[in-house]
Amino acid sequence: MKLSILVKAMKRNNGFRYDYCIAECSEHFLDDVCKPVCIDKGYSDGGCIGLAPNFKCCCKK
């Protein structure tokens, strides 16, 4: 039940409204790399989001 609620919440707002995922995050590609890449692409913010171990670098408008 709790997982179902979490999945529905993530589908509704994709984490924190990060709507464009550009890459898989790894130990060498974390928030400190993801955020500048998103900003360079014209987005306002970026971060590694998702459920472990499948974090994705996603950008926010």
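Along the chain as shown, residues are numbered 1 onward.
Note that Cβ sites are derived from N, Cα and C of the backbone, with glycine treated the same way.
Per Swiss-Prot, the feature disulfide bond maps to Cys21-Cys59 (among others). Taking Cβ-Cβ distances under 8 Å and a sequence gap of 6 or more within the same chain, the neighbours of Cys21 (disulfide bond) are Lys56, Cys57, Cys58, Cys59.
Feature annotation from Swiss-Prot assigns disulfide bond to Cys25-Cys48 (among others); the stated evidence is similarity to another entry. DSSP gives Cys48 (disulfide bond) a strand state. Same-chain residues at least 6 positions away in sequence with a Cβ under 8 Å from that of Cys48 (disulfide bond) are, in sequence order, Cys25, Phe29, Leu30, Asp31, Cys34, Phe55, Lys56, Cys57, Cys58.
Annotation note: Cys34 (disulfide bond) sits in a helical segment as assigned by DSSP. Swiss-Prot lists Cys34-Cys57 (among others) with the feature disulfide bond, giving similarity to another entry as the kind of evidence.
Around Cys38 (disulfide bond), a 10 Å sphere centred on its CB holds 22 further CB atoms from the protein chains shown. Annotation source Swiss-Prot lists disulfide bond at Cys38-Cys58 (among others).
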Among Cys25, Cys34, Cys57, Cys58, the one of these disulfide-bonded residues whose Cβ has the fewest neighbouring Cβ atoms within 10 Å: Cys25
